[in-house]
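Q: One structure, as structure tokens, below. Some questions next.
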Amino acid sequence: MSSEEKGYHTPEKEVVAPPAFDVGEAGPQPRDQEDFLTRNGLNFRSFQKRDIGGGSIDSLDRSMKTRHMQMISIGGSIGAGFFVGSGKALANGGPGSLFIDFLIIGIMMFNTVYALGELAVMYPVSGGFYTYSTRFIDPSWGFAMGWNYVMQWAVVLPLELTVCAMTVGYWNEDISVAVWISVFFAAILIINVFGALGYAEEEFWSSVLKLGAIIVFMILAFVLVLGGGPSGSRYDHYIGARHWYEPGAFANGFRGFCSVFVTAAFSFSGTELVGLAAAEAKNPLRSLPGAIKQVFWRITLFYILGLFFVGLLIPHDDSRLLGSANSNPYADVAASPFVLVGKYANLTGYDSFMNVIILVSVLSIGVSAVYGGSRTLTALAQQGYAPKIFSYIDRSGRPLYSVIAILAFAPLAYVNLHADGPTVFDWLLALSGLAALFTWGSICLAHIRFRTAWRKQGRSLDDIPFKAVGGVYGSYLGLFLNFLCLIAQLYVSICPVDGGFNDAEGFFKSYLALPVVIIFWIGGFLWKRTGWLRTDQIDLDTGRRELDWDAINADRAKIAAMPTFKRWFYTMFV
């Protein structure tokens with residue numbers, strides 16, 4: 001029965017929606033009909049336009065497997081923010097602030113990713129965050145979120161290339177930073193030749209390496225906290241929670257506590273990419289829910305527990321951390337607490353091992369920047385919010401011109417060779433530091449609006465194949481915590497950690513993302529002349545995935561028959 005027959009109002013303005021795919025299907029697969037070299041982007045033919053669907057989102061490569069989705073969700077966004085930026089956060093806020101703030105952001109991300117999973121299973125589409133804002137909130141706000149997300153990754157790319165070059169400088173400072181920027185830029189180019197599969201394989205293996213290193217660190221940290229370090233080292237006797245008492249769990253009072261939020265947000269940036277990757281998974285209906293559930297492990301084990309050990313082993317007044325707090329927090333790898341632990345434990349070679357992990361992590365985020373930015377730019381073009389040329393998909397499934405557009409920002413990394421380079425670096429960081437919070441808040445709000453329209457249009461929750469664990473209340477909590485983080489950062493932008501009040505330059509270096517988003521929002525309204533959607537304007541059917549309800553109901557019955565603990569475990573983690 002159509003929505004008109006049920007008495008629902010149809011949208012007054014056309015709401016462009018993603019295409020639907022049948023359950024168990026991967027959509028059109030023209031890529032598989034090409035020869036090996038063309039499929040993998042290794043010949044000139046692969047750069048020709050894919051002539052299918054008028055350049056629709058179907059034309060994207062859909063080659064990601066379940067193992068790729070799992071590792072993207074668990075380790076995909078662990079990078080400089082976690083390994084290096086945590087040093088500044090510890091120096092500014094102390095171990096108590098580090099633990100609590102990352103826990104708050106972790107709770108926010110847990111609910112955000114589940115909300116994204118619910119939407120992405122029903123409406124899988126590349127550039128999903130932007131299209132969900134357009135579809136369920138306000139097309140003008142969707143325009144702002146799409147371009148905000150593209151801008152975020154466009155500026156992250158040169159940042160990550162710079163950190164890569166500076167990481168290598170840990171071993172040899174005589175070679176120019178420009179040489180290493182060029183080397184890692186070439187590596188990112190090569191990986192992107194292979195399109196989505198290149199991104200997926202790189203993320204899989206780099207995530208395996210990152211997670212393995214963090215597990216090794218936590219085991220080592222546990223031994224060191226108990227006093228099992230080499231004789232003569234800082235950890236050759238039991239230290240326990242000593243650093244929480246002396247010099248203390250918190251530093252710089254309330255200002256220090258609030259300052260850690262932006263580092264935590266930067267550290268979690270990229271977590272949402274698992275939803276973006278769903279559009280290029282072979283079977284997102286089966287692979288995405290499991291990948292979403294793995295985010296719990298990353299938040300709990302790797303972020304929260306890992307940084308808890310950091311706070312036990314490194315005092316917040318350590319002179320090397322203070323050096324990081326006064327320089328760029330994401331580029332000074334020598335001030336990484338993960339590196340310092342190895343130095344203080346007299347573990348020969350451990351600092352170099354951790355720097356290799358940092359190097360791989362940062363390079364991984366650079367690859368993710370190209371992937372996330374290009375797919376969102378392609379979605380913008382396909383919905384008429386960006387020049388049509390960016391909707392071009394080639395025969396190997398790459399959004400070619402969108403990839404080139406994001407890669408064009410990479411040479412900004414070379415500005416660090418100039419004396420004023422660090423200043424430019426700070427402004428780029430200001431553009432990207434808070435951008436993710438607007439994306440996450442929009443995902444939560446889109447989920448709330450979706451659920452509201454779903455209820456008001458008389459739909460049953462049983463018709464939603466994958467439901468967020470916290471439901472709509474989890475999204476309200478996620479939205480509130482996003483707002484709380486923005487307020488905390490606004491406070492720090494006015495009242496910096498080192499005391500006094502900020503001038504205009506200092507304020508905008510901390511809070512530039514807000515005026516940028518407002519400008520995008522106004523631009524979207526002037527372009528499309530659309531406003532806030534009423535719930536009866538929200539189209540819930542166009543582009544909704546066709547589902548095999550016999551299989552879904554059989555799976556639900558199987559779960560319902562499980563013992564309570566097993567059912568809870570399966571629901572949360574499998």
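Positions of Cβ are set from backbone N, Cα and C atoms, glycine also.
Under the heading compositional bias 'Basic and acidic residues', TrEMBL lists 1-15. TrEMBL lists 68-531 with the feature domain 'Amino acid permease/ SLC12A'. What TrEMBL lists as region 'Disordered' is 1-35. Under the heading transmembrane segment, TrEMBL lists 71-90, 102-125, 146-171, 177-199, 211-229, 249-274, 295-314, 353-373, 398-415, 427-448, 468-491, 511-527.
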Q: For the transmembrane segment (511-527), which partner among 71-90, 146-171, 177-199, 398-415, 468-491 gives the most CB pairs under 8 Å?
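A: Counting Cβ pairs under 8 Å, the winner is 146-171.
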Q: Which of 177-199, 211-229, 398-415, 427-448, 468-491 has the most Cβ pairs closer than 8 Å to the transmembrane segment (102-125)?
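A: Ranking 177-199, 211-229, 398-415, 427-448, 468-491 by Cβ pairs under 8 Å to the transmembrane segment (102-125) puts 468-491 first.
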Q: Going through 146-171, 177-199, 468-491 one by one, which has the most CB pairs that fall under 8 Å from the transmembrane segment (398-415)?
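A: The stretch with the most contacts is 146-171.
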Q: Can at least 3 Cβ pairs under 8 A be found between the transmembrane segment (177-199) and the transmembrane segment (295-314), with each pair 6 or more apart in sequence?
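A: The answer is no, given that the two segments have fewer than 3 Cβ pairs within the 8 Å cut-off.
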Q: Do the transmembrane segment (468-491) and the transmembrane segment (249-274) share at least 3 Cβ pairs closer than 8 Å, excluding pairs fewer than 6 residues apart in sequence?
A: yes
Q: Should anything in the same chain at least six residues away from the transmembrane segment (211-229) have a Cβ under 8 Å from its Cβ atoms, list it; otherwise answer none.
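A: For the transmembrane segment (211-229), the list is 74-75, 78, 235-240, 301-302, 305-306, 309-310, 312-313, 338, 341, 345-347, 353-354, 357.
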Q: Quick test of the contact rule: Cβ under 8 Å, at least six residues beyond the ends. What residues does that give for the transmembrane segment (249-274)?
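A: Hits for the transmembrane segment (249-274): 69, 72-73, 76-79, 81-82, 85-86, 88-89, 91-98, 100-102, 104-106, 109, 112-113, 116, 129, 152, 156, 288, 291-292, 295, 298, 303, 316-317, 329-330, 365, 368, 371-372, 432-437, 439-440, 443, 485, 488-489, 491-492, 495-498, 510.
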Q: What mean pLDDT does the predicted model reach across the domain 'Amino acid permease/ SLC12A' (68-531)?
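A: Mean model confidence (pLDDT) across the domain 'Amino acid permease/ SLC12A' (68-531) is 86.
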